[in-house]
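Record features, source Swiss-Prot:
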type	residues	note
BINDING	CYS335, HIS386, HIS516	Zn(2+) binding site
DOMAIN	1-61	domain 'TGS'
REGION	240-539	region 'Catalytic'
Amino acid sequence: MIKITLPDGSIKEFENGVTPMDVAKSISEGLARNVISAAFNNITVEISTELTTDGSLVLYTWNDKDGKKAFWHSTSHVMAQVLEEMYPGLKLTLGPAIDNGFYYDVDFGDTKIVEADFKKIESRILEISKEKHEFKLRPVTKADALELYKDNEYKFELISNLEDGTITFCDHATFTDLCRGGHIPNTGIIKAVKIMSIAGAYWRGDEKNKQLTRVYGTSFPKQKDLTDYLELLEEAKRRDHRKLGKELELFAFSQKVGQGLPLWLPKGAALRDRLEQFLKKAQKKGGYEQVVTPHIGQKELYVTSGHYAKYGADSFQPISTPTEGEEFLLKPMNCPHHCEIYNVRPWSYKDLPKRYAEFGTVYRYEQSGELHGLTRVRGFTQDDAHIFCTPDQLDEEFKKVIDLVLYVFGSLGFENFTAQISLRDKENRDKYIGSDENWEKAENAIINAARDKNLNTVVEYGEAAFYGPKLDFMVKDALGRSWQLGTIQVDYNLPERFELTYKGSDDQLHRPVMIHRAPFGSMERFIAILLEHTAGNFPLWLMPEQAIILCLSDKYEIYAKKVLNLLENHEIRALIDNRNESIGRKIRDAEMQKTPFMLIVGEEEEKNNTISIRRHGQEGKGNITVTIEEFARIVNDEISKTLKTFEV
């Protein structure tokens, strides 16, 4: 008999050779009908795999992330089979599951895949699916594997780097592929498929290697799931931050300035400034001190911090001074600079914690093919802060940072999120620096803080940084997509590298603990996500322009200026549209700019010292006429519902 531990902690005994499917049947028939994959002792296995030792078992359905991963990986095998049939002579390379689907990188040789072929590929995949071919994993010797793929230099290279005894093939129908495993039971579960696109991709991601063709696809267990997904993609196109950024005149890019270097236009700069002032105000209440550091630093600074060794390939080339022979780097991180600020003077335990905050611009070299709007850029500004505290202060400081992150999310309409607690892999302690005692303190601080703040959490072992555990906030946007926003990290590494100290109550020198935190992450990426989440309808307090005054004709321009002055006295951001256009055109343009309030002024309004309000997106609901003071109350009441005061 063997003992199987289930996710709820219960332990069941089974005959040696039991399969995950057998375990599912012992739990419920419903689970047995829906289980498609499993993990045994944290290793993905098929549900037909015979289990011969004690261990922990997790069963996955389509609703689980790992279930989808197995589903999409299996579909990539079927697509590879079809591509091999349709394009004789091609060479398959790698075909993993990715977010929302899968891809396969292919060397098509002298042939070429075109979009017109997609429907044929989809139809053939579904034909094979209906035949319900089982996915079967089998071990092979390295010699046999190399023999099979002697004419495919890509698979040959992969196999050459594997150890004998670890190589497996996956068979279904007449198709065989090199694979480690993680498949659904059979092709019959695949009911809907869509080939999404093709793109160029270098072998193993190295631009020095041959460029292959990457074929992207997705699949689902129901046709309705695919239909819903495609509708979601259409909505995502409408919300694309690159499209909205151009339409709303927020930011632009210039080839002369350089790829991945956004230019913030007046309205976009105003939006950024509002976000910065919002966070600075909260940080001031939270005891943070603003600092400013240069855009460059000596290479030696980043060698000391370890960033150059780890991220040197992602940094721009060093800048050498003409005469002194010094080497500088465009700043890839703010934290080394903040360590040097801490080191300017000696500290006592009575002085701690020290909280340094900065909107610091950093630079990373991203390959041109990886750049994407504001989400992947080469220059970006982080809302960085670093807290230097004693080990005894760690718990309380961590909770305070969580409070700040929750305040930011609540003020900006991000209500659906999960906190991922990333801990070390205790089986591989050599991967991490610092004592077991410090690690346990830090991990417990994060776990306890998340519990005390009633966060919805998931725990990921082995996902901690080498220098300390962390808490990542995974936010779902209006389209149900998950984004990592807001990170809090505990760091024992940099205080050691920079020899940071404070004098304790025992008059001895001690190392402080360092906390990295960035609620936004980067201003560029955060604004991109916020744009797509809100479709450009930002919270009223954040809008660059909260109202626009529309004159029925130019003879009401003097009154419009009077209205503008009164609005400014109430700290309402507005402007006047006095163009020689029809009122209908002015309204349409204001709607396109997503201006929250259109204030129409004409003869009646001037006579009665009023304005006629039209709300964005409420066509056909009629206008209401109010005084300026009444309108100011409407605006302030709406803002007060979303923008609360940060309570320490």
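Heads up, the Cβ atoms here are built off N, Cα and C, so glycines get one too.
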Discussion item. My understanding is the cutoff is Cβ-Cβ under 8 Å with a sequence separation of 6 or more in the same chain; which residues meet that for HIS516 (Zn(2+) binding site)?
Written reply: CYS335, ASP384, ALA385, HIS386, THR487, ILE488, GLN489, ASP491
Fill in: DSSP-assigned states of the domain 'TGS' (1-61) in counts, ordered helix, strand, coil
14 helix, 23 strand, 24 coil
Worksheet item: Across the region 'Catalytic' (240-539), what does the pLDDT come to on average, as a whole number?
Response: 93
Practice prompt. Would you count the other CB atoms within 10 A of the CB of CYS335 (Zn(2+) binding site), including those on all shown protein chains?
Written response: 22
Worksheet item: Cβ within 8 Å of the Zn(2+) site's Cβ centroid: which residues qualify beyond CYS335, HIS386, HIS516?
Response: MET333, ASN334, HIS338, CYS339, ASP384, ALA385, GLN489, ASP491, LEU494, MET514, ILE515, ARG517
Worksheet, complete the sentence: Around the Cβ of HIS386 (Zn(2+) binding site), other Cβ atoms within 10 Å, all chains included, total 26
Response to the item:
Per DSSP (three-state), CYS335 (Zn(2+) binding site) is helix
